[in-house]
Amino acid sequence: MDQNELKKAVARAAAQYVKERLDDRMIIGVGTGSTANLFIEYLGEFRDDIYATVASSEETARRLKALGIEVMDLNAAPEVSIYVDGADEANKYLQLIKGGGGALTREKIIAAVAREFVCIADGSKMVDVLGTFPLPVEVIPMARSYVGREIVKLGGDPVYRDGCITDNGNIIIDIHNMNIVDPRTLEQQLNQITGVVTNGLFALRPADKLILGTKDGLRTLTAD
Ligand SMILES: O=C[C@H](O)[C@H](O)[C@H](O)COP(=O)(O)O
């Protein structure tokens, strides 16, 4: 199986997982990116049974609406039962790097609200130590240079993501060359820099379940 087939397999498995738990008031959190897009396609197969979703990006909202699936403002959602999303990297503690597509902040908000966070990824995303994938940080535009200097003090190489404006009107700085041995501490340190909206480490709120697509089949890892 190639990478896209592995993504399809995990997306299908996650859709099945959601379908088995549906009830008539269930609100599903839907992530962003190529793996999440495949999940959206599988949701389309039982769209009439879905009460509502919340979307982690404008692009995801557009795709869901195009399928006729209700997209709700998160503020109107009393709770989010299951949030399904991809990742750029994952470790065995189900801590993640996300935001390769720039959607990290809304993703983090939905992950915070969700009762269960199911991450779906092909096996290439699994690493021993996070940080080979550049860590995205969403930044208020006027703070760009200051935040960059503070990132250097933490030992990273900040690279401005040219041409990327997030759904929230901010910019992205990608941190290169960081061996993230303590993801929880780094997540907090970065969030304490004035001008940072949030960063793409999901360590304080890791996934609860990781469905991984490998050449030997699907592996499901849980947080406990
Ligand atoms: O901002 C994008 C999201 O965090 C994605 O979930 C992440 O980049 C993984 O995307 P993909 O499924 O395309 O590898």
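Each residue, glycine too, has its Cβ placed from N, Cα and C.
Those TrEMBL annotations? Automatic predictions, nothing curated.
Keep in mind the model is a prediction, meaning the values are calculated, not measured.
Sequence-distant neighbours of Glu107 (active site, proton acceptor): residues of the same chain at least 6 apart with a C-beta under 8 Å from its C-beta are Gly31, Thr32, Ser56, Ser57, Asp85, Lys98, Gly99. What TrEMBL records for Glu107 is active site, proton acceptor.
Classification of Lys125 (substrate binding site) by DSSP places it within a helix. Sequence-distant neighbours of Lys125 (substrate binding site) (same chain, 6+ apart, CB under 8 A from its CB) are Gly86, Ala87, Asp88, Glu89, Ala90, Leu212. Annotation source TrEMBL lists substrate binding site at Thr32, Gly33, Ser34, Thr35, Asp85, Gly86, Ala87, Asp88, Lys98, Gly99, Gly100, Gly101, Lys125.
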*So around the substrate site, Thr32, Gly33, Ser34, Thr35, Asp85, Gly86, Ala87, Asp88, Lys98, Gly99, Gly100, Gly101, Lys125 aside, which residues have their CB within 8 A of the centroid of those CB atoms?*
Gly31, Ala36, Ala103, Ala121
_Checking proximity to ligand 1 here: which binding-site residues out of Ser34, Gly100, Lys125 have their Cβ closer than 6 Å to it?_
Ser34, Gly100
*For Asp85 (substrate binding site), which DSSP three-state class applies?*
strand
*Among Thr32, Gly33, Ser34, Thr35, Asp85, Gly86, Ala87, Asp88, Lys98, Gly99, Gly100, Gly101, Lys125, the record's substrate binders - longest CA distance, Å*: 16
